[in-house]
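Colleague: Feature table excerpt (Swiss-Prot):
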| type | residues | note |
| --- | --- | --- |
| BINDING | 5, 6, 37, 38, 70, 71, 182, 183 | substrate binding site |
| ACT_SITE | 69 | active site, proton donor/acceptor |
| ACT_SITE | 181 | active site, proton donor/acceptor |
C-alpha cells in the first residue's frame, strides 16, 4: 500500500489504518519537496501525482494507493484512476456529514486554496448551500503551522487569529467545522480555543470515511502483500526532515530513504 502527501498530515490516515489492519505493510511517501500542495497549480498537482505513483510503482509492487491529501483528491483523483490500473482512494471535505450534524445551519469549511477552488469542492458547496450557510476559509498557512507543531514549534495564537478573523467577527459562528486538510486535525484544540472558548463545536474530518472504504476493500479483495517492509520515502533532505525523525519512530518504519522525483 502506498500512502502519500506533501507533509505528515497523511500520517493520521496511516495511524488509523494500522489500528484496524495491524498486519498491513505500507510505503509512506513524503513529498516534502512540493510542500504544501495547496499553493500549487492544478497542472502541477496532477503531473506530480502521476510522477509519484509511476515512479514508486516501478520500484515497489504496490497494489493500493491512498491519497492522504484533500487537495490532490479534489483536483486529480478522477484523472489518476483513469491513468493507473490499481485501486486509488482519496479523501474529500465531508459536507454531507456536516449537514446532518449542524444545529444552527452554519457550516464552516477550512481547506487549502487549491481544494476550495477545485471544481469538485465548488460543486458540493453550491449543492449544500441551498439549505445551509457555508462559511469558507481558504488558507495555505494552516498546514505550515501544523507541520511546525509536529517539529516542536509552538503554535502562534496571533497567526491563528489572523487566519480565523473572518469567523471571529461573525455574530454567529459555525457550530460544525469541516477540516478539509489532513493536517488540520492536529490543530483542533487551538482552533477551538480561538473561536469557541465557552461553546461547543463539532469538527469533521474525512478520515473515518476513507478508512472505512479502505478497510472494506482490503477485507474483501484478498490483496496479496508483496512488500514485507514498512518504508518511508521523502523527496527532499533538509533540516525539517531531520527534526521529524524522532516523531516517525512510533510508525516503526524499517526503511527511511530519499527518492528522486525530478
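A Cβ is built for glycine as well, from the same backbone N, Cα and C atoms used for every other residue.
Remember, it's a predicted structure, so these values are computed and weren't measured experimentally.
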Colleague: Give me the non-local Cβ neighbours of residue 6 (substrate binding site): same chain, 6+ apart in sequence, Cβ-Cβ under 8 Å, ordered along the sequence.
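Modeller: In sequence order, 30, 31, 32, 34, 35, 36, 37, 69 meet the Cβ cut-off.
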Colleague: Could you round the CA separation between residue 38 (substrate binding site) and residue 181 (active site, proton donor/acceptor) to a whole angstrom and send it over?
Modeller: 9
Colleague: Could you name the residues, excluding 5, 6, 37, 38, 70, 71, 182, 183, of the same chain that surround the substrate site, i.e. Cβ within 8 Å of the Cβ centre of those residues, in sequence order?
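Modeller: Nearby residues not in the site list: 7, 9, 10, 36, 68, 69, 72, 112, 115, 143, 181.
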Colleague: Could you measure between residue 181 (active site, proton donor/acceptor) and residue 70 (substrate binding site) for me? Cα positions, answer in whole angstrom.
Modeller: 6
Colleague: Among the active-site residues listed here, 69, 181, whose Cβ has the fewest other Cβ atoms inside 10 Å?
Modeller: 181
Colleague: State the three-class DSSP label for residue 182 (substrate binding site), counting H, G and I as helix, E and B as strand, and everything else as coil.
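Modeller: Looking at the DSSP assignment, residue 182 (substrate binding site) belongs to neither helix nor strand, so coil.
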